[in-house]
Amino acid sequence: MLYGTALSSRLLLGTAQYPSPAILAEAISAAGAEVITVSLRREGPGGGAFRELIRASGCRILPNTAGCHSVKESVTTAHMARELFGTNWIKLEVIGHADTLQPDVFGLVEAARILAADGFAVFPYTTEDLIAGERLLAAGCEVLMPWGAPIGSGQGLRNREGLRAMRAAFPGVPLVIDAGLGAPSQAAEAMEMGYDAVLLNTAVAKAADPVAMARAFALAVEAGRAAHLAGLMPPRDMARPSTPVFGMAELA
Amino acid sequence: MRLELNGEPVEVRATTLAELVEEQGYPPRAVATALDGVFVPVPCRAATTLTDGVKVEVLSPMQGG
């Protein structure tokens, strides 16, 4: 449940960097995605075809403020996106550093406050910092989207303990791992931890076969979620025989 | 009038933002506009006067992550 919208798919998919529009459309379908992220850029050739593709996908659109480094840029982009896509959903990115693409959580909180007060449903791309999370919720966010690793790095969950702590700190708040996932196993791990969904792009788009990889991620997300609901066994330091010792024959 | 459209200098005849969008052949409802970094909603374009050297951004949906 994200901002009052029930979704059956827990995989949110980015639309950039695919080999072709046709492969993108197939990947969306193979992922079973109900939410896709898009951006706003200067109008160029091919814009019309992309508009048609996202409309035909039937997906809910989550526009981003990718590339914005300031509160003002992010807020202006969000307003432009709201008009263009007819949605108050916004994946809010305020980038703090060009190399790491690490969120500037200070600017993020400020932009989130402005946008939430203006009626936006803000999906903040943040870090696993718990205080930043608290401030974002206080600013009006109903979802938090911590990074797994830097955008496009494919490193997976770089700070497992931090992400685990974040899950524990915000029970009941939808948490989405956004960015950094490279393999389906990493998505499954996030879901096993109790994260509500994952958002990814590059891992699918840059796979040798993006459509097959989209399906692989969908299966992993489903498996991880099922495992979380089933309740994982606690790890142990020592071995413990799974086969009963009682009734063992004396053959030595 | 000379202005900057999506980062490129252009010479235009339009005097309002709505005219500029029309003159440049953009689909009016399929783009979002900003003037000197300030968002201009569709209904306000006709009343938004252009001045020499103003920076106009015309954005549309693109692929994104």
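Cβ from N, Cα, C; glycine included.
No curator has checked TrEMBL annotations; they are predicted automatically.
Among the features that TrEMBL reports, active site, schiff-base intermediate with DXP is placed at A:Lys91. According to TrEMBL, the feature 1-deoxy-D-xylulose 5-phosphate binding site maps to A:Gly152, A:Ala179, A:Gly180, A:Asn201, A:Thr202. What TrEMBL records for A:2-244 is domain 'Thiazole synthase ThiG'.
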Exercise. Specify the secondary structure state of A:Thr202 (1-deoxy-D-xylulose 5-phosphate binding site) as given by DSSP, simplified to three classes.
Key: helix
Practice problem: Please determine which of the binding-site residues listed here (A:Gly152, A:Gly180) has the lowest count of neighbouring CB atoms within 10 Å. | Solution: A:Gly152
Quiz prompt | All-chain count of other Cβ atoms within 10 Å of A:Ala179 (1-deoxy-D-xylulose 5-phosphate binding site) | solution = 26
Self-check item: Among A:Asn201, A:Thr202, the one of these binding-site residues whose Cβ has the fewest neighbouring Cβ atoms within 10 Å
Solution: A:Thr202
Quiz item: What average pLDDT is reported by the model for the domain 'Thiazole synthase ThiG' (A:2-244)?
Solution: 95
Exercise. Could you measure between A:Asn201 (1-deoxy-D-xylulose 5-phosphate binding site) and A:Lys91 (active site, schiff-base intermediate with DXP) for me? Cα positions, answer in whole angstrom.
Key: 14
Self-check item: A:Lys91 (active site, schiff-base intermediate with DXP) and A:Gly180 (1-deoxy-D-xylulose 5-phosphate binding site), Cα-Cα, nearest whole angstrom
Solution: 16
